[in-house]
Amino acid sequence: MAEIKVDPVDDHTMVIPETEISAQKPHRTLRVASLDIFRGLTVALMILVDDAGGEWPMIGHTPWHGCNLADFVMPFFLFIVGMAIPLALKRIPSKGKAVKKVVFRTLKLLFWGLLLQGGFSHAPDKLTYGVDMQMIRFCGILQRIAFAYLVVALVEIFLKDAQSNDIAAGYCSVFRLYCWHWLLGACILILYLAMLYGIYVPDWQFAVHDKESADYGRVFTVDCNVRGKLNPPCNAVGYIDREILGINHLYLKPAWRRAKACTENSPYEGPFKNDAPSWCHAPFEPEGILSSISAVLSTIIGVHFGHVLVHLKGHSERLKQWIMMGFALLILGIVLHFTHAIPLNKQLYTFSYVCVTSGAAALVFSAIYILVDIWGLKYMFVPLKWIGMNAMLVYVMAAEGIFAGFINGWYYEDPHNTLVGFSLELNRL
């Protein structure tokens, strides 16, 4: 799996007064349907880009700088996790119980992450299981979500006493109330930028461990001796992962293998050029240590949107906060990218990438909120709502190839005449 997913069991319930949903009685506890639907939409998007991204690279992960459709999935889930935290924890008065709940969910995410993305499961390609512990992949999508969830949820729990339910509707009121969250975000950003641009990256070597590669066992040397570079071979993100995790525990098939420098088939996968740089053969962890620290920022922004939902009771006040911040983040990220100050990069999880994807998440959620919670168009989104409420189940089925096996199991006359095969033929035409 190239991308993923979020713990669906966060019960994001809240009290919605009668003035907002006239059909409900005052103070009745309801799930926020728009958040379930947004999660379901993101899960569906994840399945689409995972299964079709290889054939349609314009929706798959960009090889390095830039941002394609698939690159929005991960930050969308982090945003959703953050937004659900205030809604889930506000109903737990005991800090001890809240911490136990957070730790349990973190461990559950880590377990599923190691099982599904650590290399133990080889489905659906080989339908075999088992992994050499010397080669297990420690990091992954669910592990990143677990880390961001744990950090932000603990901050939310231990600063809960300072929160007030009655605040003014001014734009800065929620920011002031949760200033410690933003101080944490600022510290994370400073730490990330200092390490990204300040760490010296020396030359390094690696051996190809991908048994399917024609270069299996071959040793390559990568020349760096630089500081502050954001190119594929010599960035601080990769260096930290190689030093701490070990190069044998990184992702073997990073998206940069589809870069123009590596293959003539770019942006499609294909054999490496004869003169391809040595780093094209190297592993790289797209959910590594330093990039996961930066990813916490997406969750902090999501928490702010959850705070707005909890504290501001009017639709217009909420939408004003969400849409203004969404456009501000989007514009800031685009400016940083196109001025070449900080490029958009999912694998490095750069600050411009945080801004663009969080801004997009804010605007998409705002649109869903208008359609569902204001206009009442819930029935047209019932499938997405179900997926959103059962996201972990759907993710496991997708990761284990159950969905792909079901779709490809229906054919006409010949097993190759499937719906997927037909769509690929259309794409080639």
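For all residues, glycine too, the Cβ spot is worked out from N, Cα and C.
What TrEMBL records for this protein:
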type: DOMAIN; residues: 31-155; note: domain 'Heparan-alpha-glucosaminide N-acetyltransferase catalytic'
type: TRANSMEM; residues: 69-90; note: transmembrane segment
type: TRANSMEM; residues: 102-121; note: transmembrane segment
type: TRANSMEM; residues: 141-159; note: transmembrane segment
type: TRANSMEM; residues: 180-200; note: transmembrane segment
type: TRANSMEM; residues: 289-310; note: transmembrane segment
type: TRANSMEM; residues: 322-342; note: transmembrane segment
type: TRANSMEM; residues: 348-372; note: transmembrane segment
type: TRANSMEM; residues: 393-412; note: transmembrane segment
Same-chain residue ranges lying at least 6 outside the transmembrane segment (322-342) that approach it to Cβ under 8 Å: 171, 301, 304-305, 308, 350-363, 365-366, 369
Spatial neighbours of the transmembrane segment (180-200) far in sequence, C-beta under 8 Å, 6+ residues away: 152, 155-156, 159, 162, 226-228, 230, 235-237, 239-240, 290, 293-294, 296-297, 300-301, 303-304, 348, 350-351
Predicted model, mean pLDDT over the domain 'Heparan-alpha-glucosaminide N-acetyltransferase catalytic' (31-155): 83
